[in-house]
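To start, the structure under review is shown below, and the notes come after it.
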Amino acid sequence: MEIVLAKRAGFCFGVKRATQMAFEAAEKEGETFTLGPIIHSPQVVQRLEGMGVKVLSDLEGIGNGTVIIRSHGVTSAELEDAVRRQLEVVDATCPFVKKAQEHVKRLSHDGYTVVVVGDADHPEVQGIVSYAEGPVHVVGSGEEAARLPNMKKVGVVAQTTQSFETLKNVVKECLLKGGEIRVFNTICDATAVRQDEAKALAREVDCMIVIGGFNSANTKRLAEVCSELQPRTYHIETAQELDASWFQGVERVGVTAGASTPKWLIDEVIERIQEFDNKKKG
């Protein structure tokens, strides 16, 4: 059985940067915290917890130490709270997310009603929205955008892991809603490239394995686009979840992974698939 690993499987630039910053901070003296999980990988979070890094939902009761801002970013109020408490702040916010936050702040300041294309419940979107000084709407599709009120000036940004197709559909609707529109494509290139690569791979294999946290938006989207082309697509977090029956009659298996999936997890999955194959041959 041939195992084909996608070239861009695993950590993206922003996640790699954030995890490096987190592990470096963990090695220093004093208490270290992250506001929410540093990335959407339970296994990486566990490793950091093993080094003494505590995951907090808020800073209530924290008077000293180092707080790491997760790769998805936090709200402006949470960042201000950390500064007010005189904590040492290690800002591991992905630069692409940071750019979206800055666009929202500037658009809002200039009198635009802001439309954020994304998932309203996602921490990245909640952080982006918090930088708006005026009206702001979150929409996840063109259909939702069609229900927006008419607006004089509209400014559009996107969650970094959104699909370009969704952004286009929302922009089309916003063109009908406002007299003036400004659009910033804040989708991370890595997201689109990974999805295109995964789709191409899914067409060429008999089975597709997508590795990443079940709480990871970009991993879930990878699994979705793969399953549209290859029904035998399986989304897993760890090698332990693999099932030998998935590979019956399979000659080529494709493997890809979300932007928050570490290399060691990918290696473990590939090793496990190889074990299944060796048993089959033996």
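Here the Cβ of each residue, glycine as well, is placed from N, Cα and C on the backbone.
Note that this is a predicted model, so its numbers are computed, not measured.
As written in Swiss-Prot, here are the features:
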ACT_SITE  Glu124  active site, proton donor
BINDING   Cys12, Cys94, Cys188  [4Fe-4S] cluster binding site
BINDING   His40, His72, His122, Ser216, Asn218, Ser260  isopentenyl diphosphate binding site
BINDING   His40, His72, His122, Thr160, Ser216, Asn218, Ser260  (2E)-4-hydroxy-3-methylbut-2-enyl diphosphate binding site
BINDING   His40, His72, His122, Ser216, Asn218, Ser260  dimethylallyl diphosphate binding site
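The binding-site residues shown are His72, Cys94, Ser216, Asn218, Ser260; of these, the one with its CA atom nearest the CA of Glu124 (active site, proton donor) is His72.
Cβ atoms within 8 Å of the centroid of the Cβ atoms of His40, His72, His122, Ser216, Asn218, Ser260 (the isopentenyl diphosphate site) belong to the same-chain residues Ile39, Ser71, Glu124, Thr161, Gly213, Asn215, Ala217, Thr219, Gly258, Ala259, site residues excluded.
Among the binding-site residues listed here, namely His72, Ser216, Asn218, Ser260, Ser260 has its C-alpha nearest to that of Cys12 ([4Fe-4S] cluster binding site). Taking the centre of the Cβ atoms of Cys12, Cys94, Cys188 as the [4Fe-4S] cluster site, the nearby residues of that chain (Cβ within 8 Å, site residues left out) are Phe13, Gly14, Val15, Ser71, Pro95, Phe96, Val97, Thr160, Thr161, Ala190, Thr191, Ala259. Between the listed binding-site residues, namely Thr160, Ser216, the fewest other CB atoms within 10 angstroms of a CB are found at Ser216. In the three-state DSSP classification, Ser216 (isopentenyl diphosphate binding site) falls within coil.
Sequence-distant contacts of His72 (isopentenyl diphosphate binding site), defined by Cβ-Cβ distance under 8 angstroms and a gap of at least six in the same chain, are Gly36, Ile39, His40, Thr93, Cys94, Val97, His122, Pro123, Glu124, Gly127.
Taking the C-alpha atom of Thr160 ((2E)-4-hydroxy-3-methylbut-2-enyl diphosphate binding site) as reference, the shortest distance to any of the binding-site residues Cys188, Ser216, Asn218, Ser260 belongs to Cys188. Residues His40, His72, His122, Ser216, Asn218, Ser260, recorded as contacting dimethylallyl diphosphate, have a largest CA-CA distance of 15 Å.
Counting other CB atoms no more than 10 Å from each candidate's CB, the binding-site residues Asn218, Ser260 peak at Ser260.
Checked against Cys188 ([4Fe-4S] cluster binding site) by C-alpha proximity, the binding-site residues Ser216, Asn218, Ser260 yield Asn218 as the nearest.
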